[in-house]
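K.L.:
The structure's right below; bear with me while I get my questions together.
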Amino acid sequence: MKLLVVGSGGREHAIAKKLLASKGVDQVFVAPGNDGMTLDGLDLVNIVVSEHSRLIAFAKENEISWAFIGPDDALAAGIVDDFNSAGLRAFGPTKAAAELEWSKDFAKEIMVKYNVPTAAYGTFSDFEKAKAYIEEQGAPIVVKADGLALGKGVVVAETVEQAVEAAQEMLLDNKFGDSGARVVIEEFLDGEEFSLFAFVNGDKFYIMPTAQDHKRAFDGDKGPNTGGMGAYAPVPHLPQSVVDTAVETIVRPVLEGMVAEGRPYLGVLYVGLILTADGPKVIEFNLRFGDPETQIILPRLTSDFAQNIDDIMMGIEPYITWQNDGVTLGVVVASEGYPLDYEKGVPLPEKTDGDIITYYAGAKFAENSKALLSNGGRVYMLVTTEDSVKAGQDKIYTQLAQQDTTGLFYRNDIGSKAIRE
């Protein structure tokens, strides 16, 4: 069968590569993809994510069995609804179900209604009221744009002044446009963060290995928030009892609640969690695979990925198996200056194969050449599976030291939280 992956980043590269390795899959198209993906035998389609009608026409012309939707903005724009209306199958939530991600206020309302543990909060569209709430609550405190903001709409403010400034930028200065026209202001939760993913159809779900992402740009969790600078899975120091608690107090009630609300969920559910003294609590929901977590979770899948997704969509019990030993670790290489201003067109090192996988995010061929150049903030990611986090770090960082990363940067401490002296 022929499949279509919608999106262009490292996440979509990992999804498409895994689908192409599946038994019954002959060809995988990625729209729009990036040039680095072609090195893995993937076919690019020059249609951007927002052009739903062109994507649908392409899927029909090329007899695509189903589409896998990667990015959040496409889901929020109703791409799955449009595919379904055209008689095509797509793996991802409808616009109504995706509101769990594209409105943080809606997600909070669902959590409160279905008794899901999360931070206390207030939602505001009026700056003066938001300011008064911040001053009343004190710092540290968290200010979030209600809508989608490319993973950059969250400010963990260490002072009241910082929080007020963040609220002002969103509500008065229009920093995130409509996405920041409302803000959710939350209590700061103290603890270690981790991610839990599940394949979902309605109230049926299948949990994936736990993962830990590294959001800040620089070593030691310093610098601005990014889309993610690296990750590893599973999280070796996280007790299974914590995962079980998260499943029973968070994943199950939320999915059953969405069914009860008439918004049944299909796709990948990503729960951003924090382990507090009171147990796991929700920081955020994402209604699709995470980036960079996808790149370290999918290499651990030992069953047939395309068959698994097909079964889940058809309501058939899937046979899903995971590698149950070792750790998969990945480090993102980004353009200098990311997540703020950065240059494009930096020459990239040659692709690694074998023990170290290269997933491309922002990469394009130079004109009239097969040399890859940087074409985005996050550029590529190196991933390996080893016996331990330390062994994974050694493998990746040795490889990176041998690469010419002039004009690029990466964190040197991905996975260090898992190494307990």
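Any Cβ shown, glycine's included, is placed from N, Cα and C.
The shown structure was predicted, so the numbers you read here are calculated from the model rather than taken from an experiment.
So Swiss-Prot has the following annotated:
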- 134-195: ATP binding site (BINDING)
- GLU284, ASN286: Mg(2+) binding site (BINDING)
- 108-314: domain 'ATP-grasp' (DOMAIN)
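Looking at the shown structure, can you explain where the listed features end up?
P.N.:
In sequence order, GLY227 constitute the residues six or more apart from LEU150 (ATP binding site) in its chain with CB-CB distances below 8 Å.
All chains included, 22 other C-beta atoms sit within 10 angstroms of the C-beta of ASN286 (Mg(2+) binding site). According to DSSP, ASN286 (Mg(2+) binding site) sits within a strand segment.
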K.L.:
Can you give me the same-chain residues 6 or more apart in sequence from GLU284 (Mg(2+) binding site) with a CB-CB distance under 8 Å?
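P.N.:
Non-local contacts for GLU284 (Mg(2+) binding site): GLU101, LYS104, ALA107, VAL154, VAL271, GLY272.
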K.L.:
What number of additional C-beta atoms lies within 10 angstroms of the C-beta atom of ARG182 (ATP binding site)?
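P.N.:
Neighbour count, Cβ to Cβ under the 10 Å cut-off: 20.
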K.L.:
Which three-state DSSP class does ALA166 (ATP binding site) fall into?
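P.N.:
Its secondary structure by DSSP: helix.
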K.L.:
Among ILE134, VAL142, the binding-site residues in question, whose Cβ has the most other Cβ atoms within 10 Å in this structure?
P.N.:
ILE134
